[in-house]
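Take a look at the structure set out below.
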Amino acid sequence: MKYIGAHVSAAGGLDQAPARAHALEATAFALFTKNQRQWKAAPLTDDAIDAFRAACTRYGYQSQQILPHDSYLINLGHPVTEALEKSRGAFIDEMQRCADLGLTLLNFHPGSHLLQIDERDCLSRIAESINLALSQTQGVCAVIENTAGQGSNLGFRFEQLAAIIEQVEDKSRVGVCIDTCHAFAAGYDLRDEAACGETFAQFSRTVGFSYLRGMHLNDAKSAFNSRVDRHQSLGEGNIGDAAFRWIMRDPRFDGIPLILETTDPGRWQDEIAWLKAQQTAE
């Protein structure tokens, strides 16, 4: 079964996120468990935790259908020790928030070398950061998102994702989320079924579908291999709709959250309905 949804707002309380997802007729959703542009957040109260869990139960969402995203400020490969420690502390806090909420996944951007250390060193720092977080938390899988490779961001090549995973000690608690816009901007073609087949054959060989824990389904305003991260509504960007039809009909993408981060929230309900329909369309 495909779990299809969008990254919804938690404004007004975390329990509002599952309600908003339900209103979209989504079978999955993503959210931030705290303000994504601030380092610190007040600890979750028992009331907030209970309300979120109750809302998930009320609307039929289980942990495997929910893909929380961490703060944009966190850089687990930061070249400066003090800044790296700050990011690691914030990431551990986010992992613990997920555990408290009964969630089992935390999606994050791997990190950036900021042109100050080499790629290999940065990838090792990211893996060390994951190991530290896993050692201090329980029950939550660290889900590395591929990037577009904009600036000094790593994680835009499947080989980089594999290099991080190789250095993670507990392989049962690490996975990946593939963002279609990011992959396309990083040079992985998705414009037709043959291209999709080849791109995901590369993914299978290099990383492995056993590590796939979620996807972000976004068309791309940015050009192929541009290393620029610009999302677009489905079928209106440079990827086109063939990739999304292909994904919907491939059972390797069953049982994981497939999350829209497209640019017009007013179209999410229609996009979700269209994606659902592609599973059985001829």
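First residue shown is number 1, and so on along the chain.
Glycine is treated like the rest: Cβ placed from N, Cα and C.
Listed features, source Swiss-Prot:
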- H69, H109, E145: Zn(2+) 1 binding site (BINDING)
- E145, D179, H216, E261: Zn(2+) 2 binding site (BINDING)
- H182, D229, H231: Zn(2+) 3 binding site (BINDING)
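Of the binding-site residues H109, H182, H182 has the largest number of other Cβ atoms within 10 Å of its own Cβ.
Here the Cβ of H69 (Zn(2+) 1 binding site) has 23 other Cβ atoms within 10 Å, regardless of which shown protein chain they belong to.
According to DSSP, D229 (Zn(2+) 3 binding site) is assigned to coil rather than to any helix or strand. The binding-site residues close to D179 (Zn(2+) 2 binding site), defined as a CA atom within 10 A of its CA, are E145 out of H69, H109, E145. Of all Cβ atoms in the protein chains displayed, 26 besides its own lie within 10 Å of the Cβ of H216 (Zn(2+) 2 binding site). Secondary structure from DSSP puts H69 (Zn(2+) 1 binding site) in a beta strand. The Zn(2+) 3 site is set by H182, D229, H231; from the centre of their CB atoms, other residues of the chain with a CB within 8 Å are T147, A148, D179, C181, A185, N218, A220, S222, R230, E261.
Annotation for D229 (Zn(2+) 3 binding site): same-chain Cβ neighbours under 8 Å, separated by at least 6 residues, are T147, A148, Q150, C181, H182, A185, S222. Sorting the binding-site residues E145, D179, E261 by the number of other Cβ atoms within 10 Å puts D179 first. Residue density at H231 (Zn(2+) 3 binding site): 23 other Cβ atoms are found within 10 A of its Cβ, drawing on all protein chains shown. Classification of H182 (Zn(2+) 3 binding site) by DSSP places it within a helix. Listed in sequence order, the residues D70, N107, F108, V143, I144, C177 complete the 8 Å Cβ shell around the Zn(2+) 1 site centroid, once H69, H109, E145 themselves are left out. One way to see the shell of the Zn(2+) 2 site is to take the Cβ centroid of E145, D179, H216, E261; the remaining same-chain residues with a Cβ within 8 Å of it are N107, N146, C177, I178, T180, C181, H182, M215, N218, I259. Counting only the Cα atoms, the space from E261 (Zn(2+) 2 binding site) to H231 (Zn(2+) 3 binding site) is about 7 angstrom.
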